[in-house]
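Undergrad: Have a look at this one.
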Amino acid sequence: MTDSSTDPSLSFSDAITHARGGNDLSAEQTGALIDAMLQGAANEEEVGQLLLALREKGEAVSELVGAARAMRKHMTRIDHEHDVLLDTCGTGGSGSGTFNISTAVAILASACGVAVAKHGNRRATSKTGSADVLECLGVKIESEPDQVSRRLNDIGICFCFAAKLHPAMRHVVSVRRKLAVPTLFNLLGPLCNPAGATHQLLGTAAPETQQKIAAALAELDTQRSYVLHAQDGQDEVSLDGETSCIEVASGTQQNHTWTPADFGLTPVHQNALAAADPPESAEIIRNLFGGSPGSHRDTVLAGCAAALRLVGRVSSLTEGVEIAAEAIDSKAAQDKLKQLAE
């Protein structure tokens, strides 16, 4: 793929032609086009054609960076007092049908003393989105921004509901629904946390997506992030084989590969993690925070261990597992969930 032009701006029709020709748009060009979309100043037919052209070509890193910068300008920001802030929002789209692992990891990490702003939405391609399961757990997902900010400062965790905090997305809802396929916007959620997360444990559904997201984060303002893709296809830390992790820090990238042994845990096949719907996912999370042993617990311990290592709370994954297990066994995780639902 090549950069389409040195021209800092392109019309929608020109951008569509360039993308259909296999040319990547620059960050500046993409940003201007996304900005027009989010202001409601773009023709819906051209928006759809451009999104499809980018999808068919394959979204470039420059396009992700430009789109993320534009989307961040339009989001409702959540103010807070934390210097270190974690998000566990991933791209979704793995089709694995598991319970909401990243949501459980977010709550457990908060119980371990890490400030967390969990960004998420209702289900799109999965059986249960983070907003759906949190609603089943009694969390008020549509709180006003000042309430979200207060919750983050007071108890160290909040839920940033994408549908509420990205109001400009209303301008592209119709065309995305008509297209009915994943587009550039499906990759932007993890890059646009309304609270400005400094650290991200970010799962991706495909190796090529993992590489693009990591490269985009290196150009954006992440302090340190782990971009994940598991050998079994999960967009999480997996205990079913190897998990690839690209560590992004200070604009540089470093590759890691983790196995269950690195966590001191036994393998878990992803079939053991299935959840049919949000209520079942919520019940799994309640039970594991209640102390139930087994595959669900071990998988969340592994994810939390990675999060704790990411923010510098521990120096090893096995130490992270020990601290996360203590947070469950002491009922700190259960208490944190109750606080979040109050």
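Glycine is no exception: its Cβ is also placed from the backbone N, Cα and C atoms.
Summarising the annotation, Swiss-Prot assigns anthranilate 1 binding site to GLY90, ASN121. Here Swiss-Prot flags GLY90, 93-94, THR98, 100-103, 118-126, SER130 as 5-phospho-alpha-D-ribose 1-diphosphate binding site, drawing on sequence analysis. Taken from Swiss-Prot, the feature Mg(2+) 1 binding site covers SER102, GLU236. The anthranilate 2 binding site annotation in Swiss-Prot covers ARG176. Among the features that Swiss-Prot reports, Mg(2+) 2 binding site is placed at ASP235, GLU236.
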Undergrad: Fewest neighbouring Cβ atoms within 10 Å: which of the binding-site residues THR98, SER102, ASN121?
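TA: Each of the binding-site residues THR98, SER102, ASN121 was scored; lowest Cβ tally within 10 Å is ASN121.
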Undergrad: Of the binding-site residues listed here (GLY90, ARG176, ASP235), which is spatially closest to HIS119 (5-phospho-alpha-D-ribose 1-diphosphate binding site) when Cα positions are compared?
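TA: Nearest in space to HIS119 (5-phospho-alpha-D-ribose 1-diphosphate binding site), counting only the binding-site residues, is GLY90.
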Undergrad: Within 10 Å of SER102 (5-phospho-alpha-D-ribose 1-diphosphate binding site) by C-alpha distance: pick out those among the binding-site residues ASN121, ARG176, GLU236, and say none if nothing qualifies.
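TA: Cα filter at 10 Å returns GLU236.
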Undergrad: Rounded to the nearest angstrom, how far is the Cα of ASP235 (Mg(2+) 2 binding site) from the Cα of THR98 (5-phospho-alpha-D-ribose 1-diphosphate binding site)?
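TA: Spelling it out, the Cα of THR98 (5-phospho-alpha-D-ribose 1-diphosphate binding site) and the Cα of ASP235 (Mg(2+) 2 binding site) are 10 Å apart.
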Undergrad: What is the separation, in Å, between the Cα atoms of GLU236 (Mg(2+) 1 binding site) and ASN121 (anthranilate 1 binding site)?
TA: 17
Undergrad: Pop the Cα-Cα gap between ARG122 (5-phospho-alpha-D-ribose 1-diphosphate binding site) and ARG176 (anthranilate 2 binding site) into the table, whole Å please.
TA: 15
Undergrad: Under DSSP, is SER102 (5-phospho-alpha-D-ribose 1-diphosphate binding site) part of a helix or a strand, or is it coil?
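TA: DSSP assigns SER102 (5-phospho-alpha-D-ribose 1-diphosphate binding site) to helix.
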